[in-house]
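**Student:** Pulled from TrEMBL, these are the listed features:
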BINDING   A:ARG208, A:233-234, A:247-251, A:264-271, A:ASN285  FAD binding site
DOMAIN    A:4-183  domain 'Electron transfer flavoprotein alpha/beta-subunit N-terminal'
Amino acid sequence: MAEVLVYVDHVDGAVRKPTLELLTLARRLGEPVAVHLGPNAADAAKTLGEYGATRVLAADAPEFADYLVVPKVDALQAAYDAVSPAAVLVPSSAEGKEIAARLAVRLGSGIVTDAVDLEAGDEGPVTTQSVFAAAFTTKSRITRGTPVITVKPNSATPEAAPAAGAVEELAVGFGDTATGTKVTSRTPRESTGRPELTEAAIVVSGGRGLNGAENFPLIEGLADSLGAAVGASRAAVDAGWYPHSHQVGQTGKSVSPQLYIATGISGAIQHRAGMQTSKTIVAINKDSEAPIFDLVDYGVVGDLFQVVPQLTEEIKARKG
Amino acid sequence: MSLRIVVCVKYVPDATGDRHFAEDRTTDRESVDGLLSELDEYAVEQALQIADSDGVDDAEITVLTVGPEDAKDALRKALSMGADKAVHVEDDDLHGTDALGTSYVLAKAIEKTGYDLVVCGMASTDGTMGVLPAMLAERLGVPQVTLLSEVSVADGKVTGRRDGDTATEQLEAPLPAVASVTDQSGEARYPSFKGIMAAKKKPVESLDLDDLDIEAEEVGLEGAWTKVEDVAERPPRAAGTVVDDEGEGGKQLAAFLAERKFV
Ligand SMILES: Cc1cc2nc3c(=O)[nH]c(=O)nc-3n(C[C@H](O)[C@H](O)[C@H](O)COP(=O)(O)OP(=O)(O)OC[C@H]3O[C@@H](n4cnc5c(N)ncnc54)[C@H](O)[C@@H]3O)c2cc1C
Ligand SMILES: Nc1ncnc2c1ncn2[C@@H]1O[C@H](COP(=O)(O)O)[C@@H](O)[C@H]1O
């Protein structure tokens, strides 16, 4: 059976959820072979095997952390040469897309980014994408080379499918360009204790209607009552009310949770681009004409300073 | 230090318009007005600031686009912001070129123009792939210093801050290099009246595929590495329930969430 390379996104060996989704999708095309770069491959391999990786090609070298992107491309290319896969799947993070882009150039292969679904087809994988702020759905095929596909988080439900997950050492020779861009310092983002925005099942976002940083605890309180991640519109981020890493939209994170709650957000096209594929959408806005109401399953026209506290209380009461 | 900067800018359909696909499943550039991609304005802005910065004297900024005839509008806007000259790669055979093809054409045009630093936007507002800068660096064989929210050039080096998924990184690379900047890098300036007038006299060089030694088969819809097989308008979301808050809005919403099993 054909093998499919899956690039593993992990933090010190803790595999992030989008990778498990990729393994699940990869099984539609062939046998997943995971590529793990960096430390703690053995830990990661347990999880990767559980979700269907037959093999885990692992490499660790200081270059992966000390230089930007290219060492990882060299390694993924080494894995490609070793496996001759039917396709290469990479998570659609900012870095993932750059790795995939360079690999595609090197292989002379077509690339599809931000796939939200993928199936096997007679002439290779057929990918689904959501374009123009999710107003259209397209299906594409890669016509040249080995398909390189980046897949958005929350595109599939991870399904366990125990496989060997055997760790094999991957030999990587770094090229001249690998050490081109030095990472001179790295400050890890502090964990908020809340779910990761792109991976969360529920996202509660606040916009300009929040009227100040001091009111964001209102959003955090609602989020915590639901076990949700916190998002923000660009207006709120630009005003300095919430960190940019929480921005939802075209130039922020793209989210596709089961439930998205927009509070004090008008629903500009660039915001919609990042949340329109959410399964259930709820909005609280005092302007009944706000475009966000065109998207909602349930909307409340009202003052968020009244509605949100009541909602949070009621959720807590119902949860007991 | 003298510095030749090439800024890659894309002409895109206005995102606030009703964007569609044409018969051949390429982006319809007729029905919606086009403009300089807003995210590339940030690239022009940072190039202007780098050119003005202390470590740099004698900078020349060329704005480069690959696109249809109307794409000149995007170049004019960038020139009116303050860029010195423009290069427009225009050829009927380019219609339908995908990211790999575009990066190939851009790389050839950048090499022909001559450069120390290439500056791109973080993504185009129509394709939103965010892959071109990495592809350019790969093709040109120079460092990629991408997705910067802060950038500066001094002593033959480009440095900047990259706010990644899990960490903030400080990057450094020797020139020549390819950089891309995000919309966190600082508001782009508005063209002044003087700038608009001056732009009319600035040179715009037109190049076609022959000028770049590119065969028609290597690009365009036929040369594309990917094929869009199906395009469907997303069905409108079923109209939801919208209630006015008359004191019980929060509770009503909680009941809805409970009914949907979120609570
Ligand atoms: C190139 C580009 C990229 C962009 N990328 C993004 C992006 O990634 N993400 C993003 O979000 N935006 C993005 N934007 C900006 C976008 O166009 C909007 O400006 C932004 O989304 C507006 O944020 P907002 O809805 O919070 O603010 P506004 O549009 O000002 O809306 C605030 C809303 O709050 C409501 N409100 C006010 N007070 C209350 C109250 N007490 N109770 C209830 N409701 C209240 C108002 O009725 C209003 O509808 C981008 C723009 C450009 C040009
Ligand atoms: N046709 C084009 N002409 C010039 N520059 C482009 C073109 N397409 C993309 N770019 C540049 O590449 C960046 C990323 O684009 P993309 O990878 O298409 O999202 C843009 O912000 C531009 O700087």
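Each Cβ is built from the backbone N, Cα and C atoms, and glycine gets one as well.
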**Student:** With a 10 Å radius around each C-beta, find which of these binding-site residues (A:ILE265, A:ALA268) has the fewest other C-beta atoms nearby.
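**Tutor:** Relative to the other binding-site residues in A:ILE265, A:ALA268, A:ALA268 has the fewest Cβ atoms within 10 Å.
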**Student:** By the criterion CB under 8 A from chain B, which of the binding-site residues A:GLN247, A:ILE265, A:HIS271 would you report?
**Tutor:** none
**Student:** With every protein chain in view, how many other Cβ atoms are within 10 Å of the Cβ of A:ARG208 (FAD binding site)?
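**Tutor:** Other Cβ atoms within 10 Å of A:ARG208 (FAD binding site): 17.
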**Student:** Around A:GLN247 (FAD binding site), how many other C-beta atoms are within 10 angstroms of its C-beta?
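**Tutor:** So the Cβ neighbour count for A:GLN247 (FAD binding site) comes to 25.
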**Student:** Return the residues near A:GLN250 (FAD binding site), defined as same-chain residues 6+ apart in sequence whose C-beta is under 8 angstroms from its C-beta, sorted by sequence, else 'none'.
**Tutor:** A:ALA133, A:GLN270, A:HIS271, A:ALA273, A:GLY274
**Student:** Over all shown protein chains, what is the count of other CB atoms within 10 A of the CB belonging to A:HIS271 (FAD binding site)?
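**Tutor:** Here the count is 27.
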**Student:** Can you check how the pLDDT averages out over the domain 'Electron transfer flavoprotein alpha/beta-subunit N-terminal' (A:4-183)?
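**Tutor:** Mean per-residue confidence for the domain 'Electron transfer flavoprotein alpha/beta-subunit N-terminal' (A:4-183): 96 out of 100.
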**Student:** Taking DSSP as the reference, which of helix, strand or coil describes A:ARG208 (FAD binding site)?
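**Tutor:** DSSP assigns A:ARG208 (FAD binding site) to helix.
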